[in-house]
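Feature annotations, courtesy of Swiss-Prot:
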- 25-45: transmembrane segment (TRANSMEM)
- 57-77: transmembrane segment (TRANSMEM)
- 104-124: transmembrane segment (TRANSMEM)
- 143-163: transmembrane segment (TRANSMEM)
- 187-207: transmembrane segment (TRANSMEM)
- 237-257: transmembrane segment (TRANSMEM)
- 273-293: transmembrane segment (TRANSMEM)
Amino acid sequence: MSAPNCARKYDIARLSSLNFQISQYVYLSLISLTFIFSYFAVKIVHQKSIFQLSTKILLFHNLVSANLHQLLYLFSALRRLNLAYFYIDEPCVPLISEADCLPYLKVLVTGISGMIYGQTGLLLERGCATFIKDYDKKTSMFVGIAISIAILFLSLITGKIIIWDDPLQGYLLSCVSYPSQSVERSRLFASIYTFISSFNLVFSVLLRRYNKKLEYSTPFVVGPRFRKREVIDSTSTICFLTFVQFIFMFIYSFGIFTLKTIRSMLTYRQYYFIVVWFYTIPFIAALFPILLVYRIRSSHVSRVTIIKTFTKTKQTQEEHIKQLKNVWN
């Protein structure tokens, strides 16, 4: 029989499986992409984007949350691969006590919560930019900082709520797993995350439609039309990111729920062969900076192409006015 702080037979079987090891390398690749594209995302948002100051503050907050999760998950993936390659044949594969994992897990949950709540924060900020008439730089800064502080507070307390009153007397293979007495509460929060992502999706669709409708009611004057175009472009980008996050959160939540429902029909090996791929948070974290860079660059290229076409073509007055309208729309 294994000692309490040594891995059990099914933990060892999971570590030694090729499927599990491949999943860790996939996560490591996603983590590397997150770090690389986050650098480019910060650079392009700061220098070349049309985002307002409040949007930039919240985008940077989301990028920090994504990288925080990936950094901690990096340590976990490396530890598990280290155990799989160098400890698998040892008499005792060492586990970590739940108490020792507590600080690590709290920070990890802060990163996850920051990404989910951060997307809601971005949509609220876009709502403020849409409905506040005099959304100047000072107002934008106040909104961005206020929402960012609220997100940080909620993210910090989420981990404490999940692990609240847990005796922390067990042992874990890695610190990305929840303590045994907190598993049910963690599943509840996973469902809440999915609900929030669903709310974000609905809110983003309504907000985008409202902005599009409002654009057509804006008089064809260069200043107002340009500012409205900026709001629509930035809001469309946030809505796109929200949609992607919803898809992966739905896969995570619904996938885990389905597996738990049919758990009795699966062997231990079958269950863990599938469940390892339903943890989609590393995908969400990696796709955020990648898609952010893609959307900003594609928007820029589209505008440059239109302007070049516009300046090279000789037109009548009616054609000129028609193309102007197409540029703004």
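Including glycine, each Cβ sits where the backbone N, Cα and C put it.
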Chain residues in Cβ proximity to the transmembrane segment (237-257) (below 8 Å; excluding those fewer than six residues from its ends, i.e. six or more beyond): 55, 115-116, 119, 122-123, 126, 187, 190-191, 193-194, 197-198, 200-201, 204-205, 207-208, 275, 278-281, 283-284, 287-288, 291-292, 295-296, 299
Maximum Cβ pairs under 8 Å to the transmembrane segment (104-124) - stretch from the list 25-45, 57-77, 143-163, 273-293: 57-77
Listed stretch, out of 25-45, 143-163, 273-293, that has the most CB pairs under 8 angstroms to the transmembrane segment (57-77): 25-45
